[in-house]
Amino acid sequence: MAHRKLESVGSGMLDHRVRPGPVPHSQEPESEDMELPLEGYVPEGLELAALRPESPAPEEQECHNHSPDGDSSSDYVNNTSEEEDYDEGLPEEEEGITYYIRYCPEDDSYLEGMDCNGEEYLAHSAHPVDTDECQEAVEEWTDSAGPHPHGHEAEGSQDYPDGQLPIPEDEPSVLEAHDQEEDGHYCASKEGYQDYYPEEANGNTGASPYRLRRGDGDLEDQEEDIDQIVAEIKMSLSMTSITSASEASPEHGPEPGPEDSVEACPPIKASCSPSRHEARPKSLNLLPEAKHPGDPQRGFKPKTRTPEERLKWPHEQVCNGLEQPRKQQRSDLNGPVDNNNIPETKKVASFPSFVAVPGPCEPEDLIDGIIFAANYLGSTQLLSERNPSKNIRMMQAQEAVSRVKRMQKAAKIKKKANSEGDAQTLTEVDLFISTQRIKVLNADTQETMMDHALRTISYIADIGNIVVLMARRRMPRSASQDCIETTPGAQEGKKQYKMICHVFESEDAQLIAQSIGQAFSVAYQEFLRANGINPEDLSQKEYSDIINTQEMYNDDLIHFSNSENCKELQLEKHKGEILGVVVVESGWGSILPTVILANMMNGGPAARSGKLSIGDQIMSINGTSLVGLPLATCQGIIKGLKNQTQVKLNIVSCPPVTTVLIKRPDLKYQLGFSVQNGIICSLMRGGIAERGGVRVGHRIIEINGQSVVATAHEKIVQALSNSVGEIHMKTMPAAMFRLLTGQETPLYI
């Protein structure tokens with residue numbers, strides 16, 4: 001087996017091949033679906049090369065100060081929005097089964113969201129979220145983190161961030177800000193799994209690359225209003241650097257035409273050891289005449305594209321509607337589809353070239369597409385929670401590799417038993433990466449084996465010379481085979497989802513991960529340009545300066561550090577008697593995440609003592625700390641007190657209503673949290689809202705001295721979006737609010 005050794009940027013290990021444009025959806029083959037067993041799928045005759053040991057993990061880095069040093073074991077995370085739970089059936093092979101992929105953008109490494117019917121992102125401009133249940137969503141942030149590997153940030157001297165970031169897609173999701181953490185996380189938006197092993201579609205069709213395939217069931221979901229996304233971004237221009245916000249929609253991003261040029265990354269040169277791969281064409285999307293035997297494929301050189309033409313693509317794509325069966329998305333796009341001479345086009349063309357996006361490739365080359373040589377080792381499926389931690393993500397990647405390795409060994413033993421010889425040949429593939437999609441093509445035939453829109457990638461990790469690519473299937477509106485609840489009524493976080501995992505071997509595993517992260521950043525820039533937004537306006541420094549001048553957690557630090565508020569109580573109770581309390585979560589974003597006393601049973605031990613009040617936060621019970629524990633665990637500890645006669649509590653006396661103070665100097669600064677029906681659903685880490693004391697799961701009771709308990713949802717959003725200066729709010733846990741207002745019957749423990 002000939003290993004294809006490619007030159008990297010520094011070491012000459014990267015085979016950098018370019019294609020003029022990704023294969024259009026309309027040219028993708030239709031194939032039947034194939035359900036992969038949970039144990040995994042490995043093509044016969046494959047053998048996994050030994051994994052190289054992992055390099056030491058990089059130190060945790062802040063999102064704006066990243067070292068360029070990478071880690072040989074990095075990972076990329078994308079949790080997409082659970083709000084976007086419309087159906088999108090994706091065909092696979094052989095069994096005629098349709099699977100679905102579901103949105104889930106809030107990763108525990110960045111956002112903590114509660115179960116809401118929908119989200120409302122606070123901004124001065126409304127932004128709809130395509131969901132069946134939520135009301136109009138108003139978004140309040142764009143991101144400061146980009147999808148880049150190995151802990152580097154995409155901003156000037158910064159390299160790839162380890163954060164996660166959803167990207168706008170064919171149904172543009174809310175643009176959410178994501179923080180960076182360790183292990184080189186990077187993130188996309190909507191996850192999906194498309195056309196596993198299409199039988200034809202080698203990418204060499206001459207049809208328009210603007211034609212996109214759509215299922216009939218998606219028509220309603222495609223009718224989003226991009227106008228509102230763009231308006232929101234324009235009003236939040238100071239939030240993030242474009243180089244660190246890698247959100248993009250393959251449908252809204254640039255789609256190079258067949259006549260566009262092929263430009264290779266200058267620092268990357270193709271250098272392969274003699275093998276059959278040297279005979280492969282550099283361009284995957286050849287014109288029809290280039291496919292005839294007599295035509296020289298390598299000599300084909302498309303028309304050179306000027307910078308102005310490059311900048312015009314994304315806007316033309318949005319204006320022309322991409323031949324999709326959706327209505328015109330913006331009021332200024334209702335003219336003829338060939339009329340691109342509108343003010344925004346001129347504005348886009350006036351923008352400078354790409355803002356610096358650190359990575360191994362030139363931005364223009366990622367638009368055209370680049371190719372890495374790799375060996376396809378196999379695929380498997382894993383069950384995963386909605387928002388697993390970073391460590392669990394990496395463990396899942398390692399588990400996928402282990403399963404594929406076991407399957408390869410089994411295939412090898414079976415082949416020997418059948419006296420077929422022990423010659424093992426790995427499937428050599430070309431891994432095509434662009435701002436539109438990631439494709440896996442057979443190295444010899446150039447037939448498409450797998451095709452994923454860039455937005456569908458939920459996670460990617462490189463472990464030594466192994467690359468693991470993951471995508472999670474969307475949930476249908478009704479019960480789905482892809483979601484298995486462990487117990488009836490289980491919380492969302494307890495549900496299990498099927499993750500499809502593809503495993504590849506390549507000496508450029510790290511570069512592959514970096515290139516995918518860079519592709520997200522470039523795609524996001526193209527999305528902004530397409531909608532008349534100058535990426536250079538998204539400055540992070542000014543927002544960071546505002547953050548650094550604000551106190552953390554409002555008055556919480558003072559309150560919790562005051563010894564008069566910290567009490568140690570001794571409660572007497574009868575054996576077999578319950579404590580008689582209801583506890584709720586303090587809410588993500590609180591200085592000490594623990595449980596809050598929400599109600600007490602009349603005549604119960606807690607009420608009889610006269611020492612407890614609603615709103616008190618319980619730090620420990622009988623020496624067992626409750627800080628940071630899940631609500632169910634805390635409830636279990638309290639239930640375990642039933643047979644005891646004395647209970648020792650450590651509490652912090654707190655009022656039931658939390659006071660929030662958000663300092664917003666200007667409307668251009670995002671608030672950094674989302675609400676639905678007055679309930680805070682998610683919170684941006686490190687934003688002015690977190691600094692001010694906003695907590696996930698809290699119900700907003702009052703804004704600037706005015707009660708909003710009976711106020712319509714839209715008016716709450718409007719009040720917050722238009723507020724500037726000091727924004728005073730009062731909130732309390734939503735569960736406590738429902739108990740106090742009689743909307744729920746308390747279940748005492």
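Using the three backbone atoms N, Cα and C, a Cβ is placed for every residue, glycine included.
Taking SER55, SER208 one by one, Swiss-Prot attaches phosphoserine to SER208. Swiss-Prot marks one residue of SER11, SER241, SER480, SER609 with the annotation phosphoserine, and that residue is SER11. On the 0 to 100 pLDDT scale, the region 'STXBP1-binding' (185-270) averages 42 in this prediction. The helix, strand and coil residue counts that DSSP assigns across the domain 'PDZ 1' (568-654) are 14 helix, 30 strand, 43 coil.
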